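Trainee: Quick one: the structure is below, questions incoming.
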Amino acid sequence: MIKKSALITLFLVSLILGVSLSQKPFYCQAPEPTPSLNTDGLTLKMVQILTRHGDRTPLYSTLKPTMNTWDCNLGWLMVSSLNNVPGAATDVDRLFRKVYMPNREYFPGNCSDGQLTSLGFQQHLQLGQSLRQLYVDKYELLPSELSVDAASTIWVRSTDVPRTIQSVQGHLTALFPPTTVTSGSGIPIININTMDNYYENMTPNPTLCPELAVLIANTTTTPEWGEFITNTTQLKEDVMETLGISVFPGWSSLMDLFFATQCHDFPLPEGVTQDMVTQVYEAAYWQYQYQLSFPMIARLGMSTFLEEVVDNIRAFVNGTSSVKYIVFSGHDDSVGPFTNLFGLMKEWPPYASHVELELWSDEKDNYFLQFKFNGQSYTLNGCEDVMCPIDSFFETAYSILVPNYADACSNSTMTF
């Protein structure tokens, strides 16, 4: 049996592993959540949260021996279970740790590519703590202690990727620290729901929607794209020569390498200047937002996910669901395209970015939705205030959803 004292020790160790943030690129850390606006006379009933994972190692490596050595102290304790019945764990008597072997990884050191770092886990501990202050202490949406009953009102989904699963574990650990777990009832289990990548809709998925791949490819034939290629050719040649690489990995991969390096106060690769980093980011972001600027690409990419979010709200309002705290743990390709649907994406989503869709009601059971993104509340199109009447939000959302989605995804004659 794992005692509460052991859980508390694990929690404190993970806090110690955190790395303090100095002056770094915006990409390194999203702003913290803030209190909601215009809440007088209203009660918070439900919230859905979409997050990007925390700080991670790069996804791209130059494979040069001069690359920085990455040290990943964040472990992963786990136990297999033959019993999937919801409830509490009362018979856990040992844990297993997954360990990356030194110098057998993509980078020098003991880190896999794209692995959540100790800093990344700390960022989601911090996010969970901030959300606890809002949704437990301030708005009393959730109880102060995690019991089996409380766990039944929480629903969690993650992409089936270690860094997103570990990020949401950090989020939930700080939302209900081990000291707030109801004693004598075992360890409450919170399912982290995942799905096969083929069906994943938390990010734009051309496998799920083949037409999306066609439309994205078509963006590379436009005059604007041709001008972009011309304007960035010299930068591309300079960066490749500086890094000593012969195959161009793409702007976003280079941006990721440079920003991940700076987020850990590592030196940039020899010859790479801050001006070069800035230009690489500008090229990566232009390409990212340009393709999402085509309405049908934006809508096809996130339509079914938005539909799930809307359905969750309807189920709660209609009384067919009692789940009131829903977390989606995803990527930049989750947060960016989702906020883009509402015209709110203005930069690349930083690590630990977060979107909150809060459902409020007045004493007459009139419902309102407040849309919050990285610490700011927004007035959505079709709404007159940050507190948007729920029917107005539904109208806006349904104008974004793609009708006959399956047909649209197989329509090779569709235009932007």
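From the backbone N, Cα and C atoms, a Cβ is placed for every residue, glycine too.
Note that the coordinates shown come from a computational prediction; the quantities given were computed from them, not determined experimentally.
Sharing the features that Swiss-Prot gives for it:
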type: SIGNAL; residues: 1-22; note: signal peptide
type: CARBOHYD; residues: Asn110; note: N-linked glycosylation site
type: CARBOHYD; residues: Asn218; note: N-linked glycosylation site
type: CARBOHYD; residues: Asn231; note: N-linked glycosylation site
type: CARBOHYD; residues: Asn318; note: N-linked glycosylation site
type: CARBOHYD; residues: Asn411; note: N-linked glycosylation site
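A description of the local structural setting of each listed feature is requested, covering burial, neighbours and distances.
Mentor: Taken residue by residue with DSSP, Asn218 (N-linked glycosylation site) is part of a helix.
The Cβ of Asn231 (N-linked glycosylation site) has 11 neighbouring Cβ atoms from other residues within 10 Å, across all protein chains displayed. According to DSSP, Asn231 (N-linked glycosylation site) is assigned to a helical segment.
According to DSSP, Asn318 (N-linked glycosylation site) is assigned to coil rather than to any helix or strand.
Residues near Asn411 (N-linked glycosylation site) in space but far in sequence (CB under 8 A, at least 6 apart, same chain), listed by position: Glu211. DSSP assigns Asn411 (N-linked glycosylation site) to coil in the three-state reduction, placing it in neither a helix nor a strand.
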Trainee: Looking only at C-alpha atoms, tell me how far Asn231 (N-linked glycosylation site) is from Asn318 (N-linked glycosylation site), rounded to the nearest Å.
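Mentor: Spelling it out, the Cα of Asn231 (N-linked glycosylation site) and the Cα of Asn318 (N-linked glycosylation site) are 53 Å apart.
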Trainee: Counting Cβ atoms within 10 Å across all protein chains shown, which of the glycosylation sites Asn218, Asn318 comes out on top?
Mentor: Asn218
